[in-house]
Every structure is written in structure tokens, then in C-alpha cells.
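Worksheet: the structure to be examined is printed underneath.
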Amino acid sequence: MVRSPPTDSVGLVTQHKATFEEPLPLVCGRELPRYELVYETYGELNREGTNAILVCHALSGNHHAAGYHSEHDRKPGWWETCIGPGKPLDTNRFFVVCSNNLGGCHGSTGPASINPETGKPYGDQFPIVTVRDWVRSQARLADELGIRQWAAVAGGSLGGMQAMQWAIDYPERLRHAIVIAAAPRLSAQNIGFNEVARQAIMSDPEFHGGRYYDYGVSPRRGLAVARMLGHITYLSDDAMRAKFGRDLRGDMSFDFEQVDFEVESYLRYQGQRFVQDFDANTYLLMTKALDYFDPAADHDDDFSAALAHIQCSTLLLSFSSDWRFAPARSREILRALLEHNKPVSYMEIEATQGHDAFLMPIQRYLEAFSAYMGNVAREVGA
């Protein structure tokens, strides 16, 4: 419970909802006739409208990036380390916006929303959405908020991919792209991880072909296993060794149902906690969006060509122990930008926390991020 938020927090926040009546054409060939985006904002938009920052969330994230919804919240938003007074995304200087992506399960239109054609939840009938679709919907949200150009679009992991897509699709609408712990596209290994996660969900007897809402159930076991698998990939071997080693919770049980090792207990806890407020169909959609992200596909498999016409400056940050999106993947982006003489700053940060390092209060990371954003603030008069 938070009785008084820390002084460097944005404090208590409220969510907003934008409704769009104009159909949204999707990359898959279908369209959403009407949709809603839930979002939060932190800080104030300046008179010139030049200090807006769009934050894009990763696979399991949502619009609640910072602050607290009530004094009873146990934890703040997912990027509390980076959003707030005096932090890299300084809300004394910037107006920060974060929305829940289409297909999400925290208020934006998604599989659990009512399909206007049937009067029932979309379920398996919700269209496949891509990073490009998300960016298009975010551009409409920017229009709704009166933001012609973002000072920066920022995100880690899948959020960083959205920042890249913004730079490609709307080059004139952002001054900076902040791409953290990301990649130009998924490797075969990463696609494989996502497929195993999807199979865990779809093989759960309670999945019912994605129509489980109609049965009043949820494929919780499959979703928990998917989350357990994902969580392993977000941590480094060093971090897991330091945190758990081979520590036992007690004597060996010689039983499959019992939990012997501390790491088993941790993963089961993460899985069970995750299923409390995340939807299985959304997990399927988010992993597919990750798999399909490939800007080079429209340019004869030439990623450099995909970035040829961007106009923004780019900050690339990677973490030494991240093996899901290793530093080598960020350097691929770096080389593609340099090939076209695009302004770019890059830093590989020594960190033991693995892929999830972008969410953590690592001093060198926050210093580098803050220094860059300080320059952005001065550039836009914030």
C-alpha cells in the first residue's frame, strides 16, 4: 500500500479512453470498424505542443507506465524507473503518453471486447494485429490529443520496435526514436520460443479454440506455462544463478507435483500471478506481432533500405547480458542507420539482469538515458 507516493513519482494517475469511429484498415487485410484505446498521460503539454513523448509498451505491458491508480496499489506502473520528476522521461519537462495496444486486455479493444457484429466477445475472431497497425492507431491518438510531432517515441523490447516503425511510417512526426533492448526482427530461436508459448496456451483444454469466454473459463494453466517460459528468456543465466543457484526449498520430495528448487517456486509464482490479469488471446496476438515485425520484408530483405527515409535521431541502448535481444541485434540497427548517415547514439550497458534490465534502476542506464533526454528537452524548449 502506498500512503504517500515518492517525490520522484508522478503520484496518483487516472486512465483515459479515446473512441475512434473511423474504420482502421489492418495489415492482415481486415479492418476494425470501431475501436477504443485506453491511455494515461503524465506531465503537461506545453503551449507550443513540442514536448510530447510517446511510450510504447512491450509484450505484457499496458498503458499504466508510471504512478499509482490508488493509495492501495502495491506497485507503480511498469516503467516507474524512467518516468517521473527528475527521471529520464522527466515529467517536469515532458508530456508523456502511453496507450494500451490494440488487441490488449487492459481496456483497449481486444479479443475480450464485444464484437458489434455478434454481440459476443471477439475471441478467436479478433483480427491479427501488427506493429504497423499499432503505430497507425497511435498516430490517430496523437491527432486526438493535438500532437503533430512527438519529441520522442520510446520503448524497450517490443516497444522499441514500435519506435522504429514510427520512424519508418511517420518520419515527419517524431524528432527522436528511443530504441532499447530491441532488434530489427526476431531470430528463428525467438520465433520458436513464441510458438512454444502459443502451443502451451492452445493445448490447454480450457482454450476452446479461443472462445473460452463463452464457457466462462480461461486457459490459465497454459498461459501460466507460457509466462514461465517467457520469464526464463527475460533473465540472464548469471542473474538466475545469483538469485537461485541450485537452492532447495527443503528436502528433495522425489515427486513431480512438489516444488523442490527455489527457481521452480519462482517460476510457478510468476505464472500464477500473470494469469490473474492477462488474457490468453492477447498473449497469442502479442507474440504474433513480435514474430511478424520485419521492416526489411518490404525492401527485398534489406533492413538498411527500410531506414533510408527516416528523419529522426535515434538512441540505441542494449544490455550486455541480454540474450533474447543481444547487443549484436542493436548493432545491426546501428550499422543500418550509419549506412545512410542517420544521426544515432549507441551504448551497450554492462548489466547482469538480462533482457528485463530495461525495466530496472541500473545507474549507468539511467544516466545515459537522462543525458540524452536532457538534450532532447533543450532542443524542444521543454
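For all residues, glycine too, the Cβ spot is worked out from N, Cα and C.
As written in Swiss-Prot, here are the features:
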- 51-359: domain 'AB hydrolase-1' (DOMAIN)
- Ser157: active site, nucleophile (ACT_SITE)
- Arg227, Asp356: substrate binding site (BINDING)
- Asp322: active site (ACT_SITE)
- Arg324: site 'Important for acyl-CoA specificity' (SITE)
- His355: active site (ACT_SITE)
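Across the fold, the C-alpha of Arg227 (substrate binding site) and the C-alpha of Arg324 (site 'Important for acyl-CoA specificity') stand 15 Å from each other. Non-local neighbourhood of Arg324 (site 'Important for acyl-CoA specificity'): Ser157, Asn190, Thr233, Tyr234, Gly354, His355, each in the same chain, at least six residues away, with C-beta under 8 Å from its C-beta.
The separation of Asp322 (active site) from Asp356 (substrate binding site), Cα to Cα, is 8 Å. Neighbours of Asp356 (substrate binding site), defined as other CB atoms within 10 A of its CB across all chains, total 21. In three-state terms derived from DSSP, Arg227 (substrate binding site) belongs to a helical segment.
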